[in-house]
């Protein structure tokens, strides 16, 4: 893609998110979401592959549906209450419709089925943008809507953690596994949204860092399926030793960074007398952990049949810039000791 066009599209992505962040009026927020969608569509379809075009079409249709629902709900709210302000939504009907529309935008269960299919059709870099940056604007709106619709948020959160764990079990494609991982993590964030918005933001931030390092590892190894992971030891032996730790951090095992948000969320749910919800969420995390362990096993404990030429790619220089990978990997593995400082910040 022409660098000027790429720069314009990335600028459009940033601008759309910023407009939604800065808006207090529903029409302005809707406009930011639309700019976001329209900027990423050429990035998704840039390879002109049938799978990419199919993924782009599916993404466009779901995002257009969600945007129409947001417009409908905000107009209904203005009709019922005379208010266009995002934080002045008081009627249950528009609040419910907007919550479901934003759930469709970010891919929460039970309106999640587009996300694995779309992510599977994209290259890893565009998939990374879709899994991280594209979640920011809808989350900003969800944070301003709470806490009026508690039952819906808890139902969406629990459904997402269960579907995210269950759906990833039988997958062999890495991008689909990462999509289900995304659904499960979003479920954890939505569960705690109304009780501790700052904890939701912490979870979102750690999810971004862990997902960034996972996508960068797969990009460095040029891996898109579990079988291709088995050859990664011949390409980057040191990175292959660290990758299982990155995956286990995504699964939320101590003493890695990914354990911190899950631990704090379960603690907060227990404080709110939601012990059954916390138990279900913790059990669903085990489902996710299983498929991360499956990836770990494929990467470190299986040997693919290699010829002599296949044994030597580690001697070649990688074209990928490795500093972002080094920084995100270190952050993914080593931040748990900062948990007391994070708790102190959250209670301020």
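Here the Cβ of each residue, glycine as well, is placed from N, Cα and C on the backbone.
The annotation domain 'NADH:quinone oxidoreductase/Mrp antiporter transmembrane' is assigned in TrEMBL to 23-286.
Residues or ranges marked as domain 'NADH dehydrogenase subunit 2 C-terminal' in TrEMBL: 289-342. In the predicted structure, the domain 'NADH dehydrogenase subunit 2 C-terminal' (289-342) carries a mean pLDDT of 78.
Counting only same-chain residues 6+ beyond the ends of the transmembrane segment (60-80), those with a CB under 8 A from a CB of the stretch are 26-27, 29-30, 33-34, 37, 41, 89, 91, 93-95, 97-98, 100-102, 104-105, 114, 118. According to TrEMBL, the transmembrane segment annotation covers 60-80 (among others).
The transmembrane segment annotation in TrEMBL covers 92-115 (among others).
Nonlocal intrachain contacts for the transmembrane segment (151-170), taken as residues 6+ away from its ends with a CB within less than 8 angstroms of a stretch CB, comprise 96, 99-100, 103, 108-110, 112, 116, 176-177, 180-194, 274, 277, 280-281, 284-288, 290-291. Summarising the annotation, TrEMBL assigns transmembrane segment to 151-170 (among others).
As annotated by TrEMBL, transmembrane segment applies to 177-195 (among others).
Residues of the same chain lying 6 or more positions beyond the ends of the transmembrane segment (201-221) and with a Cβ under 8 Å from any Cβ of it are 124-125, 127-128, 131-132, 135, 139, 143, 174, 178, 181-182, 185, 188-189, 192, 228-229, 231-232, 235-236, 239, 243, 246-247, 249-250, 257-258, 260-261, 264-265, 318, 320, 322, 324-325, 328-329, 331-332, 335, 342, 346. Summarising the annotation, TrEMBL assigns transmembrane segment to 201-221 (among others).
Feature annotation from TrEMBL assigns transmembrane segment to 233-254 (among others).
According to TrEMBL, the feature transmembrane segment maps to 274-293 (among others). Packing against the transmembrane segment (274-293) from elsewhere in the chain are residues 154, 157-158, 161-162, 164-166, 168-169, 171, 177, 180-181, 184, 187-188, 191, 247-248, 250-253, 262, 265-266: each is 6 or more residues past its ends and has a CB under 8 Å from a CB in it.
What TrEMBL records for 321-346 (among others) is transmembrane segment.
Long-range neighbours of the transmembrane segment (177-195) within the same chain, counting only residues 6 or more positions beyond its ends whose Cβ lies under 8 Å from a Cβ of the stretch, are 103, 106-109, 112, 115-116, 118-120, 127, 131, 135, 139, 142-143, 146-147, 150, 153-154, 156-165, 167-168, 171, 203-204, 207, 211, 214-215, 250, 261-262, 265, 268-269, 272, 277, 281, 284-285, 288, 291-292, 295.
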